[in-house]
Structures are given as C-alpha cells and as structure tokens.
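A.B. asks: Feature table excerpt (TrEMBL):
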{"type": "TRANSMEM", "residues": "94-118", "note": "transmembrane segment"}
{"type": "DOMAIN", "residues": "96-447", "note": "domain 'PTS EIIC type-1'"}
{"type": "TRANSMEM", "residues": "138-157", "note": "transmembrane segment"}
{"type": "TRANSMEM", "residues": "164-186", "note": "transmembrane segment"}
{"type": "TRANSMEM", "residues": "198-219", "note": "transmembrane segment"}
{"type": "TRANSMEM", "residues": "231-257", "note": "transmembrane segment"}
{"type": "TRANSMEM", "residues": "269-294", "note": "transmembrane segment"}
{"type": "TRANSMEM", "residues": "314-334", "note": "transmembrane segment"}
{"type": "TRANSMEM", "residues": "346-366", "note": "transmembrane segment"}
{"type": "TRANSMEM", "residues": "373-394", "note": "transmembrane segment"}
{"type": "TRANSMEM", "residues": "414-435", "note": "transmembrane segment"}
Amino acid sequence: MDGLKAIDGVMGVVQEDTLQVIVGPGTVDKVADIMVKQVGVGLGEPFPDPSTFVDDTTDTKSEHQRDKEMVEAKAKEVHAAQKAKIKQTPVRKVLSAISSIFIPLIPVFVGAGLISGIASILSNMMLAGDISKSWTDFITVLKVINSGLFSYLVIYVGINSATVFGATAGLGGVIGAVTLLTGVTPQAPIHNIFNGQALSAGQGGIIGVIFAVWVLSIVEKWLHRVVPDSIDIIITPTIALLVIGVFTIFLVMPIAGVISNSLVGAIQWILNVGGAVSGFVLGLFFLPMVMFGLHQILTPIHIEMINKLGMTPLLPILAMAGAGQVGAALALWIRCRNNKQLSNMIKGALPVGILGVGEPLIYGVTLPLGRPFITACIGGGIGGAVIGGLGNIGATAIGPSGVALIPLIANGHWLGYVIGLLAAYAGGFVATYFFGIPSSAKIAKDKEGHVIEA
C-alpha cells in the first residue's frame with residue numbers, strides 16, 4: 001500500500017472490497033487505456049471470471065450435443081485458418097470496426113423488429129375488424145417501444161463508435177444526437193452550406209455519425225496529449241464537442257446525406273431493374289463476401305434502408321445464401337452416410353443452420369470439402385432469384401436469417417420469403433447431390449474420422 005501511494009501521480013489508495021488507486025480526473029483515462037492494452041481486453045469489458053470455468057470430467061452430454069460441439073470445433077478451426085490467410089489491410093480494419101459497432105445492437109434490432117411486426121399485425125387486424133378499437137393504446141405502446149430504437153439510433157451508434165475508436169462514449173453519443181438537430185425549427189433552419197437548402201434531422205444517417213465520431217476520437221486523443229492533466233477534464237470535452245459538433249453539422253451531414261441517399265437509391269434501382277438476375281448474383285456471391293469479411297459493410301446500408309424505406313429488401317435475398325448451405329448439407333448427408341464423421345457434423349449443424357446460424361455448416365462442413373460450398377452458393381443464388389423476381393420482400397430489422405427471419409418480413413409478404421427459402425433449399429440440394437459430392441467425402445469413416453476398411 002505504501003509503495004502504491006509513493007508512486008508519482010497517485011493521489012490516494014482505498015482498500016475495501018476492491019483496491020482503488022486514485023490518480024485524478026486528467027490521468028485516469030490515460031492509465032485505463034494503458035492497463036486494458038496490457039491485459040488484452042477492451043475498455044469497459046469485464047475480465048474473465050475463473051469461477052465460470054467448469055471441469056467437466058463426466059460425459060453426460062447427449063449425442064446431438066456432442067455432434068454440435070464437434071462441428072463447432074471444426075468450424076472454428078477452419079474459420080481461424082481462413083482468417084489467417086486474409087491480410088489485415090486498412091479496408092479490413094474499417095470493416096472490422098463497423099462489425100464491432102453493430103454487433104452489440106443486433107439483439108435490439110431483433111427485439112424492436114419483432115415488436116414492430118406484432119404492432120403491424122394487430123393494426124391490420126383492427127382495420128379488418130378482427131379485433132376491437134380497444135387495442136389502439138396497446139398498439140401505440142408497441143410502436144413507441146420500436147421508436148425507442150430507430151428514433152435515437154444515431155445516439156447508440158455514436159456511443160458504440162466512440163468505444164470502438166477509443167473516444168469517450170458519452171461524447172460519441174452527443175455527436176450522434178447533434179444530427180437530430182434538436183431545437184431547430186422549420187422557421188429557423190440550419191442551411192446546407194453547399195446548396196442552401198435546409199438540413200433535415202438525421203441527414204447523413206449512421207454513416208455520417210460513424211465518420212464524425214472517428215474524427216472525434218482523433219481530436220480527443222490529440223487534446224489529451226497536449227492539454228495539461230489539471231484542466232484536461234474541462235478543456236478536452238468542451239473543445240472536442242464544439243469543433244466536431246460544428247464539423248458534423250456543416251460538413252458531415254450534407255456530404256454523408258448525399259452518400260446515404262445515393263447508396264439506398266442505387267440498391268433500389270438494381271433490385272427493381274435487375275429483378276431475378278440481381279437476386280441471383282447477390283445470393284450467389286454473399287457467402288464469398290462473408291469469407292473475406294466484406295459483408296460487414298452491408299450493415300449500415302441495411303439500417304439506412306430501414307430508416308428510409310421501413311424495410312431492407314437486401315436482407316431476405318442475402319439470407320438465401322445460408323438456405324443454400326442447408327440444402328447442400330442435406331445432399332451430403334444422404335450421399336455420404338458411410339462417412340460417420342461427416343454425418344455427425346451435419347446432424348450437429350443442421351438445426352442451427354435452418355434457424356439462420358450458418359457458420360457451423362459453412363466452416364465445419366461445406367467449405368472444407370470445397371465443391372459443396374460452390375454448389376451451396378448456387379442454391380443461394382436460386383433462392384435470391386426467386387426473392388428478387390417476386391419483389392417487394394423486405395425485413396424490418398437485421399440480425400436473424402433462415403426460418404428465424406420470417407416474423408420480421410415486412411407488409412405480410414412472408415409467403416414469398418418462404419417460397420424463396422424452399423427454392424434455395426432445393427437448389428442447394430440438387431446442385432450438390434448431382435455435382436457437388438467430392439469422392440473424399442464418400443469414403444467410409446467412423447465418428448473419429450478413421451477410415452473403415454472394407
């Protein structure tokens with residue numbers, strides 16, 4: 001204790017249930033940043049709890065559970081090998097950052113999307129006279145809950161972006177809130193410096209917020225370095241908010257607004273003009289995009305489409321890629337029954353694959369075999385062609401895939417989505433059954449992968 005107190009910069013030490021070292025408001029951020037880097041966790045992340053590790057010396061697991069664990073282990077091994085081959089370029093670092101920003105929000109998107117779907121169903125039932133007007137207040141409450149996400153999404157994205165980029169989370173949230181233009185009225189608008197038109201609340205969307213908070217992180221870190229510790233807590237946030245707030249309103253919002261509108265408009269045009277052809281191409285190439293981590297750039301595009309259109313027509317098409325994997329796995333299961341190791345892997349991965357969790361099937365089954373991965377992608381393309389050909393099928397939230405996406409299909413067009421799923425299952429099955437079975441997969445093996453002599 002005395003040794004800690006004697007360290008230059010330590011203002012005090014308190015020992016209760018935990019040991020607290022007081023270093024002052026200007027120094028604490030710098031010390032915390034150094035500590036988490038040394039430990040290997042992110043700022044705000046908990047340390048692993050040793051008590052959660054269980055020594056499982058007894059094998060009481062079901063056969064299905066063992067199959068599931070085996071395929072998950074195989075999937076992790078292949079996934080790790082695949083990632084090791086991919087060079088960490090600046091573009092991949094950007095994509096990784098985008099993924100880290102949105103992954104914590106996926107459960108919220110799912111919950112809010114389902115609530116929005118329930119509200120829409122009840123509203124339609126009330127209009128049709130199937131339920132009474134007394135449901136109005138409950139439907140309104142459901143819509144308010146859903147709005148709690150999408151009305152303030154820029155704030156949540158700002159907070160997460162700040163955490164990922166190493167800025168103060170609260171400052172990131174405020175920069176996100178700045179784009180809402182709270183307090184600005186139509187009678188006294190803020191004008192776009194490029195065309196003179198009035199800026200609209202939320203212009204630039206989450207794309208603009210992510211960029212603005214990234215710039216905030218650079219400015220804040222620089223200020224922490226140059227501002228004396230004694231006044232750092234006062235000067236740094238004030239200057240950072242002022243500079244980045246003005247920068248966001250007058251530069252980021254107009255430019256990001258053009259980018260956002262162009263992206264959404266271009267995707268709508270591609271889907272409307274290309275129809276089934278566009279759907280086939282998107283469904284065919286989505287899994288290769290996932291392999292190289294390029295799919296992460298689609299997350300903000302999905303969200304921008306939901307904000308502007310009320311749904312993302314991209315997600316149901318891309319979800320067909322996972323359905324093609326399910327069809328391919330079924331074909332492998334039937335054609336390769338003598339390969340007990342492969343059969344058990346498929347049995348462990350199929351249930352979650354049907355529900356939209358495709359990684360075990362991709363990295364544990366089809367990708368290691370090669371040809372089945374290609375034929376599975378063809379199945380995804382067929383399903384995507386069906387969805388694109390039918391048109392006007394979109395999802396109200398992101399996150400789920402496969403069967404789990406059905407409740408999130410907008411405007412009651414779930415039947416078209418189911419038809420697409422079945423087409424992808426069938427396409428992946430047929431393509432794999434006739435063209436995608438490698439001879440190595442048909443070799444008789446036991447559950448441990450040992451070749452069984454005839």
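The backbone N, Cα and C atoms fix where each Cβ goes, glycine too.
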A.B. asks: Averaging the per-residue pLDDT over the domain 'PTS EIIC type-1' (96-447), what integer do you get?
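C.D. replies: On average, pLDDT over the domain 'PTS EIIC type-1' (96-447) sits at 90.
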A.B. asks: May I ask which of the stretches 231-257, 269-294, 346-366 has the most CB pairs under 8 A with the transmembrane segment (198-219)?
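C.D. replies: Most contacts with the transmembrane segment (198-219): 231-257.
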A.B. asks: Checking distant contacts: for the transmembrane segment (314-334), what same-chain residues at least six beyond its ends satisfy Cβ-Cβ under 8 A?
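C.D. replies: Counting only partners 6 or more residues beyond its ends, the transmembrane segment (314-334) has Cβ contacts under 8 Å with 267, 271, 279, 282-284, 286-287, 290, 295, 298, 301-302, 305, 342-343, 346-347, 349-350, 353-354, 356, 358, 361-362, 365-366, 369, 372-373, 375-384, 386-388, 393-395, 398, 401-402, 405, 409, 417, 420-421, 423-433, 436-437, 441.
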A.B. asks: Among 94-118, 231-257, 269-294, which stretch has the most Cβ pairs under 8 Å to the transmembrane segment (164-186)?
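C.D. replies: Result: 231-257.
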A.B. asks: Please report, as numbers and ranges, the same-chain residues at least 6 past the borders of the transmembrane segment (231-257) whose CB is under 8 Å from any CB of it.
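C.D. replies: That would be 25-26, 168, 171, 174-175, 178-179, 181, 190, 192-195, 199-200, 203-205, 207-208, 211-212, 215-216, 219-220, 223-224.
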